[in-house]
Structures are given as structure tokens and as C-alpha cells.
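> My structure is below; once you've seen it, I'll send some questions.
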Amino acid sequence: MNTPIQKSIAKMEGTQGIIISLLAVGYLCLEIVQVEAVKMLVSLVIIGVILWILPRIRGSLMIISIILLAAGIILMLVYGATLGEWLKAARINLTLVAIFLFTPLLGIPVRTGGYVEALKVVLAKKMNSPSFLFVGSNFISHILGVVLNIGAISIVHELSKASDIRNNRLVAASINRGFVSTIFWSPYFSAMALILSSLPVKWGDLLLYSLGLSLIAILVSYLFEKPYRIETPRRKNEVHVGEAELKYAKRKVVELFALLIFMVSGVLLAEKWTSSSMTFIICVLSVVFPFIWCLLNRKINEYRQEFKNHVFTGIPRMKKEIVLFLIAGFFSGAFIKSGWSAYVVEGLNGAFSNFNIGIAYVIAFSIVFSAVLGLHPIVVVTIVATSIDPFKLGFSHEFFAILLLTSWGISNTVSPATAVNNLLAGLMNVELFEVSVRWNFKYSIVMLLIIPFYLKIAGI
């Protein structure tokens with residue numbers, strides 16, 4: 001039975017969920033109705049959410065958020081920003097927040113369709129092979145991460161328990177790197193929303209190059225961890241699965257992959273055939289597709305319950321990240337107003353002359369090293385993506401977009417501030433520094449060295 005205090009907390013979180021959800025509604029309104037009154041109203045809602053939620057968060061994210069907000073306000077005042085510029089700066093990362101709020105709904109078919117149970121049945125017997133444990137965990141976390149986002153981490157960790165291999169580093173590295181390499185290309189991540197809303201590029205133009213880097217990341221990860229050198233342990237408990245059960249489970253796994261292919265190809269086709277923005281397409285798909293799927297599979301009650309859980313429980317848990325994203329966007333708007341980006345471009349060009357691959361390394365390493373120090377990659381990537389013209393550095397928009405996406409992804413492997421490392425540390429009862437920096441630092445350095453060369457060789 002819930003105590004009065006627990007009921008009060010649940011009620012407060014429910015209220016937070018509803019108010020933060022207004023940001024998602026506001027984004028849709030802006031996409032449909034491009035009028036100044038709506039822009040002003042949405043900007044005021046954003047400011048209200050920041051002022052209401054910020055005092056209720058704790059830890060390093062609160063400190064970073066307050067510093068960025070104060071710095072942004074000072075820059076806007078010093079450089080004489082107009083009211084319109086203040087309101088526009090508040091909206092800069094709204095598209096990113098909209099993706100963050102909508103895409104968890106895509107996981108409803110996966111969670112309610114029995115697909116996770118089917119994966120357990122199909123993979124159980126093979127998980128005792130070190131190579132299969134590593135590659136399988138890596139691949140499944142990558143694929144499920146497309147639609148489940150951070151929710152894929154705990155699921156794949158649970159799947160890995162079918163193995164008698166007790167190697168925390170092997171499991172954590174496979175899950176971590178498999179998941180974050182999804183950021184390189186998935187349209188359902190906030191990183192892609194930020195890049196597509198900041199640069200004049202299409203997702204379809206980035207897809208193949210980004211997928212290539214994802215494959216390289218998985219290969220490099222395998223070579224780093226060398227699971228083939230680990231001896232296969234004897235089974236403590238044999239796994240017995242009936243033929244009918246296995247056949248049904250395999251059918252469900254095929255169905256799951258068909259579902260994922262549909263979600264990705266649907267976005268690709270919608271981007272090509274409509275004039276709507278990628279973010280708008282994904283937000284609409286995130287609401288409509290799970291509803292239709294649940295309707296056709298007679299799981300509408302499950303949809304209703306999952307939707308309520310997302311609004312009243314899931315969204316309040318994301319409030320720290322949402323406020324940080326909004327404030328990072330505001331600060332980048334202030335940075336643009338200050339004109340400091342011109343000095344950054346001049347400094348980089350002066351230091352490297354025509355050696356633009358050197359500039360690419362500076363940008364990539366800056367994103368990752370700031371993440372190691374605890375700064376969420378959203379901060380640096382937002383500033384760089386919104387304030388710097390890649391042509392002035394000698395890059396195409398596509399080169400710049402993939403550089404930022406992959407640097408963001410790699411920074412997630414080593415950052416103590418990201419959700420993936422905090423979740424893995426908790427699930428495995430391992431020190432956060434161990435899971436993030438110690439186990440992934442060398443891997444991240446190698447990937448950072450590869451990325452600019454890959455983009456240069458690919459001729460992007």
C-alpha cells in the first residue's frame with residue numbers, strides 16, 4: 001500500500017509529466033501552424049518548464065544547467081538581444097526534446113508483443129560461447145536500441161544472464177558499444193534530431209556512410225575485447241526448449257526484425273515522398289504506429305497502460321536531461337548572438353591552414369574529452385552544430401553531420417554523465433568510472449582516429 005508521501009510524490013511526478021508533455025504538443029503545433037503567436041506561446045511554455053523543473057533537479061546536471069543558463073543570460077544581455085531573439089533561443093532544442101519525448105512510445109509493440117521472451121528462447125543455448133555472447137549482445141543492443149533507446153540496455157543485460165560466462169567487462173563493453181553505435185545512424189535518437197534540425201542535410205544522405213561506421217565500430221570493439229580467447233565454460237544447467245516453442249520463438253524474432261525494418265524504411269520513404277521534416281515524421285510515427293499495431297493485435301488496453309506509464313512515470317524520470325537539452329539550446333542561441341563562433345572558425349583555420357582533417361580531430365576530441373570530464377555531449381554538439389558553418393572549415397554539411405553524430409556516439413561510451421553508463425554500472429554493481437572511462441577509453445581513441453579518415457576516404 002502506498003503511503004501518503006509516496007502518493008504525494010507520484011502525484012507531483014504525474015503533474016510534471018503532463019506539463020513537460022506540453023513541449024511535445026507545442027512542437028507539433030509549431031510544425032503545423034507557423035504563426036508568431038504560437039511561437040511565442042511555445043517559447044513561454046519552454047521557459048516555464050525550465051524555471052519550474054530546474055530547482056527540482058540535483059547533482060552535476062543541475063550545476064551544469066545553472067552555469068549554462070546564467071552564461072546564456074549574460075551573453076544575451078551584453079549583446080543586446082531583442083525579445084524575439086530570446087524567445088527563438090529558448091526554442092532551439094525543442095525538436096530534440098520532442099524526439100526524446102515521443103520515441104519511447106515506439107517500444108510499446110516490442111514490450112507487449114512477446115518479442116523479448118522469444119529472443120531469450122532463441123539465444124539461450126548459444127550464450128555460453130564467448131564470441132556469441134559478445135557479438136550477440138552487441139548486435140541485439142544495437143538493433144533494439146533503434147526503437148527502445150536506453151530501454152534496450154536492461155533487456156540485453158537480462159538476456160546475457162543465460163550465459164555461464166561471468167565477465168562484466170565483456171558484457172558491458174558489448175552492450176555499451178552496440179547501443180551507442182546506433183546513435184551514428186538511427187533517426188529515433190535526439191542526436192539525429194539535433195543534427196537534422198541544425199544542418200541542411202537529409203537523413204537518407206547520411207544513412208549508408210553512418211551504417212558503415214557502425215560496422216567498423218562493432219569490428220573494432222570485437223578486436224579490442226578478443227572474446228575468442230576466452231575459454232567456453234561447461235554448462236551448469238542445460239537449457240531445454242521444446243521444438244514447438246523454439247519454432248514459435250523463431251517466428252516471433254523474424255517478426256521483430258520485420259517490424260524494425262518497417263520502422264526504418266517507413267521513415268526513409270516518408271522523408272523522400274513528403275515535404276515534412278524528419279523530426280515531425282518520427283514524432284507522428286511514434287504515436288500512430290504503436291497505436292495501430294496494438295489495435296490490430298487487440299492490445300489496445302496495453303497501449304493505454306503503456307501510454308499512461310510513459311506520461312506519468314517515464315517523462316518525469318527524464319526531466320533532468322530535458323531541462324539540460326533546453327538550456328543547452330538557449331546557450332547556443334546566446335553564443336550565436338555573441339558572434340564568438342567567427343573567432344572559433346578563424347582560430348581553427350589559422351592553426352591548421354588547409355589541413356581540415358586536423359580541425360575534424362580537434363572537434364571530435366573536444367566532444368569526447370569534455371564528456372570524460374562529465375559534460376553531457378549535448379552541450380558541445382549543440383553549440384558546434386548551431387553556430388559554426390562547416391563550409392568555412394572546409395567541410396561539406398554531410399561530413400560535418402556524421403562527424404558530430406559519431407563523436408556524440410563515441411562520447412557516450414566514456415562519459416560518466418550519460419544514462420547508458422550509469423545504468424550499466426547499476427545493473428552490474430560496478431564502479432561508474434570502471435564501466436565508462438577505464439573499459440572504453442582506448443576503444444574511443446581508436447574510433448576517433450578512424451572516423452575523420454573514413455569520411456575523407458569515402459569522399460563525403
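Cβ atoms here come from the backbone N, Cα and C positions, even for glycine.
A quick note: this is a predicted structure, and the numbers were derived from the prediction, not measured.
Positions annotated as transmembrane segment by TrEMBL: 37-54, 60-80, 92-112, 132-157, 178-200, 206-224, 253-270, 276-296, 322-340, 360-387, 399-419, 439-457 (among others).
Each of these features: where is it, how hidden is it, and who are its neighbours?
Long-range Cβ contacts of the transmembrane segment (92-112) within its own chain (Cβ-Cβ under 8 Å, at least 6 residues beyond either end) map to 20-21, 23-24, 26-28, 30, 42, 46, 144, 147-149, 151, 188-190, 192-194, 196-197, 256, 259, 263, 277, 279, 282-283, 285-287, 289-290, 293-294, 299, 302-303, 306-307, 310, 314-315, 318, 321-322, 325-326, 328-330, 332-333, 378, 382, 386.
Beyond its flanks by at least six residues, the transmembrane segment (360-387) meets 60-61, 64, 68, 92-93, 96, 190-191, 194-195, 198-199, 321, 324-325, 328-329, 331-333, 335-336, 340-341, 344, 348, 352, 395, 399, 403-404, 406-408, 410-412, 414-418, 437, 441, 444, 448-449, 451-452, 455 of its own chain at Cβ-Cβ distances under 8 Å.
Taking Cβ pairs closer than 8 Å, the transmembrane segment (399-419) reaches residues 60-61, 150, 176-177, 179-185, 191-192, 195-196, 199, 201, 206, 209-210, 213, 217, 321, 360, 363-364, 367-368, 370-372, 374-378, 381, 384-385, 390, 393, 432-433, 436-437, 440-441, 443-444, 447-448, 451-452, 455, 460 in its own chain, all 6 or more past its ends.
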> As a test: from 37-54, 206-224, 253-270, 322-340, pick the stretch that has the greatest number of Cβ pairs under 8 Å with the transmembrane segment (439-457).
206-224
> Quickly jot the same-chain residues contacting the transmembrane segment (37-54) by Cβ under 8 Å, restricted to those at least six beyond its ends, or write none.
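Same-chain contacts beyond the ends: 16, 19-20, 22-23, 26-27, 29-30, 62, 65-66, 69, 87-88, 90-91, 94, 319, 322-323, 326-327, 330.
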> Excluding the flanking five residues on each side, which residues at least 6 beyond the ends of the transmembrane segment (178-200) place their CB within less than 8 Å of a CB in that stretch?
93, 95-100, 103, 106, 137-142, 145-147, 149-150, 152-153, 156, 206-207, 210-211, 213-214, 217-218, 221, 263-264, 267, 277-279, 282, 286, 325, 378, 381-382, 385-386, 390, 397, 400-402, 404-406, 408-410, 412-413, 420
